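Everything on this sheet refers to the single structure shown next.
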Amino acid sequence: MMKFRFRRQGADPQREKLKQELFTFHKTVEHGFPNQPSALAFDPELRIMAIGTRSGAVKIYGAPGVEFTGLHRDAATVTQMHFLPGQGRLLTLLDDSSLHLWEIIQRNGCAHLEEGLSFHPPSRPSFGNASFPAGLTRVTVVLLAAGDTVVLGTESGSIFFLDVATLALLEGQTLSPDEVLRSVPDDYRCGKALGPVESLQGHLQDPSKILIGYSRGLLVIWSQATQSVEHVFLGNQQLESLCWGRGGSNIISSHSDGSYAIWSTDTGSPPTLQPTVVTTPYGPFPCKAINKILWRSCESGDHFIIFSGGMPRASYGDRHCVSVLRAETLVTLDFTSRVIDFFTVHSTQPEDGFDNPQALAVLLEEELVVLDLQTPGWPAVPAPYLAPLHSSAITCSAHVANVPSKLWARIVSAGERQSPQPASSALSWPITGGRNLAQEPSQRGLLLTGHEDGTVRFWDASGVALRPLYKLSTAGLFQTDCEHADSLAQAVEDDWPPFRKVGCFDPYSDDPRLGIQKVALCKYTAQMVVAGTAGQVLVLELSDVPGEHTVSVASVDLLQDREGFTWKGHERLSPHTGPLPWPAGFQPRVLIQCLPPAAVTAVALHAEWSLVAFGTSHGFGLFDYQRKSPVLARCTLHPNDSLAMEGPLSRVKSLKKSLRQSFRRIRKSRVSGKKRATTASSKLQEANAQLAEQTCPHDVEMTPVQRRIEPRSADDSLSGVVRCLYFADTFLRDATHHGPTMWAGTNSGSVFAYALEVPAATAGGEKRPEQAVEAVLGKEVQLMHRAPVVAIAVLDGRGRPLPEPYEASRDLAQAPDMQGGHAVLIASEEQFKVFTLPKVSAKTKFKLTAHEGCRVRKVALATFASVMSEDYAETCLACLTNLGDVHVFSVPGLRPQVHYSCIRKEDISGIASCVFTRHGQGFYLISPSEFERFSLSARNITEPLCSLDISWPQNATQPRLQESPKLSQANGTRDIILAPESCEGSPSSAHSKRADTMEPPEAALSPVSIDSAASGDTMLDTTGDVTVEYVKDFLG
């Protein structure tokens, strides 16, 4: 009998084929700004840009939607990058002095980035590396000369030449420091070495000439054609960088003392002793080094000199600046993060006599800024991608699918009004290389991110490029201490240097209480709820015109004067009084302040009923924002929940208190074994456990899915935290009358269901009558294992989730089945369970017991469309665990469909930030500035599909080492595993390019159907199941 019960059932081939058409797993694209960038390159012919990172990632960007991603096999920092112009090839230098050649190749109509060749110099050339010269140790600088030669400058001062086609050393072409010193006067040598090679620059007109700069200050023009030194410049100041003038008649050098010098190359063959111009822009006091300098000529005669660094060391040495000098105009661009590199977009054709720069692109540690150099004032150019998601730290996120076109246009219009008009740029985005082959998205998707500074940002998440649309700020509603400090700081600011704040990255929050914790948006009424750290809940409405009005303020006491609790956390925010001006966009109408002012942990918005529900660690409330009056307040604190009153900044238990509670638990466990109450439920649990122990033979091989779910103590810390809130029109009173309900789930496994009396709207009217809403407690369910309730959803008579407010009434979704019996799906951290309504009796359950310690973290209902049939789709439950695994279950049967490894289990922040979409996709943070996008749907995939117009040279075809797929992320999981065993190939989708390693889901998951005929003895199996729910019916 036992062998029969634990035997796995065979897979249905038809169902497995259908799974292939519905589900597949892809990590598709990384949205946002690369984490910890370290190198920058630009191809002026193809108009593409590359960014390298400290984790070894390579990212190439062109026009919006044109993206390529690669990852070096060794997690080393990319220190330099150089494009082979017009070839779609990129040379990277890592901090281990290895060189790597990447190529963009065409395959199946789309372009891909692959690593072709690599060059690894020996770490100790004198030992067993006779083929390598002794001076080839640490590479300090790389130059691509004459299109087919790689020039390497080293720490020893030697210069080596490699063939681009093979990355092999060219024999007999090494330039040693001794050979250079022979061209230098004796009095300059002074017995000192030249130092490392600091800079290598190729001549724009004559590719055979190379400008070499050594650390000590010596500059040399080397001719590859004659293999000789053509000119020597005897600099004495430590060198930082070099740049040729357009025609090659001048050289500009920058130095460690904050100065730059201009040298003339037309002085003949003798060594040049002095530069023609030496300037310290921010002198005369000691200045920091000018790290990089560019000289760009203009047809008008006023040339550009652009450099980073050089600030006065004592007063502004901590500033991150790039200075732009043209004629008598000097602007000091002041950034909030470190400058990595910069380049100009200018004319590079040899026949053009001038550079005529169009734009300046500055790569910073936390953002990319592009300035228009052709418009007076040099304004910033709005970026269509690479926006810094973390301009203020992300605290929450949400996704809104199928946004109506009218609402989309209104949000875009509000965002366009936010950009400063006087400094608007006439220049379009200058990085326009490649062609986006992806089709226009069939629906618009919004990604909403809440931030630490009290802002909510709206992003266009419809395609590959995550485009900023609109920013909502809530800080203006409240009085903060920073307002006076800001005005003083602006008054003290000097006129010199001429600083200009550039960029939007601002890591500092004015007040930590402003942080956004939860966001909800009704896409049909353009109403929104934003909840924050200090218990503030804002109800906002989209307005197309600016306005001035007073925001209604209401307080809701969640403790309800309960004695014995004293709040020790932060104070609530003080709102401004009186009418306030509001720009076009989302404008606040009502402010609800929870008491105590703890962080809001859950919100729900029902615009059709004009209700908003909110929860904290103390309880939950219901507010009627049409009448601007509270409807309900319920405290969920347990008498021992003192930790909830201490606030987020004082949650450290004393050792004395911890020891006392430990001894109490030991004493309680001993006593409970002797004096356990002999109730009917406890007798049933004891009988189940005894029967399981007696009937289970020890030699039976059990599936590794079964684990006893231990009931948690009712007095666990923070058991009153409200985890989820939900509105539904369903059957709660009886099986014949349905009506509005509100559901709340807590950390202690409690579920509260309220029947609401909401006045019905008149025929054709949008708003309901001005009558009070009433709430009556209908059911109270206590999960016996007391696991936190993560999500609640009501299913209609067909087993489908109820539509969103206004979806059915506006014929935007199929009306729910209100004839058959409804059911409620309750997802806790340990199991999923479906209960019938209105009796709340268990129908189906699924215990998530794949591994010890496995817990549910995120849950969402999603629609998965078939790739073979336009009309077939299934609604399933997507689940992310604390181990980083994603599971998909059927609804309402709760049968496992697929199981993938998505996020590393050590990546706690990534798991906590995950957001599922309604169409089987998801987002999670792989760094503070990047979202990883993934897809569980075989049909709904958003990934880069692009191409480059490249004329390949004949010898460009080289053996490939490896393709760098989009799945090999610098910050994510490298391996994609776990899916049904019978699905041996990837689905027959045009987007499916990879076959995943499969594994039978039964090895990790086990469904139980309580209503089935064979379920009688399943409840008495070896799990020792104690999950008998306790249900109170207050309406019976």
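Numbers here mean position along the shown chain, with the first residue as 1.
Cβ coordinates are placed from backbone N, Cα and C, and glycine is handled just like the others.
The repeat 'WD 1' annotation in Swiss-Prot covers 38-71. Beyond the ends of the repeat 'WD 1' (38-71), by six or more residues, the same chain brings 29-30, 77-83, 85-86, 88, 90, 92, 94, 102, 104, 111-115, 340-343, 345-346, 348, 361, 363, 368, 384-386, 429-436, 438, 463-465, 467, 944, 946, 948-950, 964, 966, 968-971 to within a C-beta distance below 8 angstroms of the stretch.
Feature annotation from Swiss-Prot assigns repeat 'WD 2' to 78-119. Long-range contacts of the repeat 'WD 2' (78-119) within its own chain (CB-CB distance under 8 A, at least 6 residues past either end) are made by residues 38-46, 48, 50, 52-54, 56-58, 60, 68-70, 72, 137-139, 141-144, 147, 150, 152, 162, 164, 166-168, 348, 434, 437, 945-948, 950-953, 956, 958-964.
The feature repeat 'WD 3' is assigned by Swiss-Prot to 139-175. If you look at the repeat 'WD 3' (139-175), the same-chain residues 6 or more away from its ends with a CB under 8 A from one of its CBs are 80, 82, 84-85, 91, 93, 97, 99, 101, 117-119, 121, 132-133, 193-202, 207-208, 210, 212, 214, 222, 224, 227, 955, 958.
With a cut-off of 8 Å between Cβ atoms, the residues of this chain six or more beyond the repeat 'WD 5' (239-271) that come close are 183-185, 188, 198-199, 201-206, 209, 211, 213-217, 219, 221, 230-233, 277-283, 286-297, 305, 307, 309-313, 353-355. Here Swiss-Prot flags 239-271 as repeat 'WD 5'.
Residues or ranges marked as repeat 'WD 6' in Swiss-Prot: 289-331. Summed and averaged per residue, pLDDT over the repeat 'WD 6' (289-331) gives 94.
If one looks beyond the repeat 'WD 7' (339-373) by at least 6 residues along the same chain, the residues whose Cβ comes under 8 Å of a Cβ in the stretch are 33, 36-42, 44-45, 49, 51, 85, 204-205, 246-247, 291-292, 294, 296-299, 304, 306, 308-309, 320-322, 324, 333, 379-381, 383, 386-388, 390-391, 425-427, 429-431, 502-505, 507, 929. Annotated repeat 'WD 7' per Swiss-Prot: 339-373, in sequence order.
The repeat 'WD 8' annotation in Swiss-Prot covers 395-473.
With DSSP classes pooled into helix, strand and coil, the tally for the repeat 'WD 9' (517-592) is 0 helix, 42 strand, 34 coil. Annotation source Swiss-Prot lists repeat 'WD 9' at 517-592.
Under the heading repeat 'WD 10', Swiss-Prot lists 601-662.
The feature phosphoserine is assigned by Swiss-Prot to SER662 (among others).
Annotated region 'Disordered' per Swiss-Prot: 670-694 (among others), in sequence order.
Per Swiss-Prot, the feature compositional bias 'Polar residues' maps to 678-693.
Taken from Swiss-Prot, the feature repeat 'WD 12' covers 791-843.
Residues of the repeat 'WD 13' (848-901) grouped by DSSP class, helix first, strand second and coil last, total 0 helix, 31 strand, 23 coil. Feature annotation from Swiss-Prot assigns repeat 'WD 13' to 848-901.
Look at Swiss-Prot and you will find 915-938 tagged as repeat 'WD 14'.
For THR957, the entry in Swiss-Prot reads phosphothreonine, with the evidence type similarity to another entry.
Same-chain residues lying 6+ beyond the ends of the repeat 'WD 6' (289-331) with a Cβ under 8 Å from its Cβ atoms: 238, 240-246, 250, 252-260, 280-282, 337-339, 341-344, 346, 353-357, 360, 362, 364, 371, 373, 378, 497-500.
Sequence-remote contacts of a segment are chain residues at least 6 beyond its ends whose Cβ falls under 8 Å from one of its Cβ atoms, and for the repeat 'WD 14' (915-938) they are 20-36, 366, 388-390, 393-394, 397-399, 401-402, 445, 447, 461, 466, 858, 860-867, 878, 880, 886, 888, 898, 900, 902-903, 907, 909, 969-972, 987, 989, 992. In the repeat 'WD 5' (239-271), the DSSP tally of helix, strand and coil residues is 0 helix, 17 strand, 16 coil.
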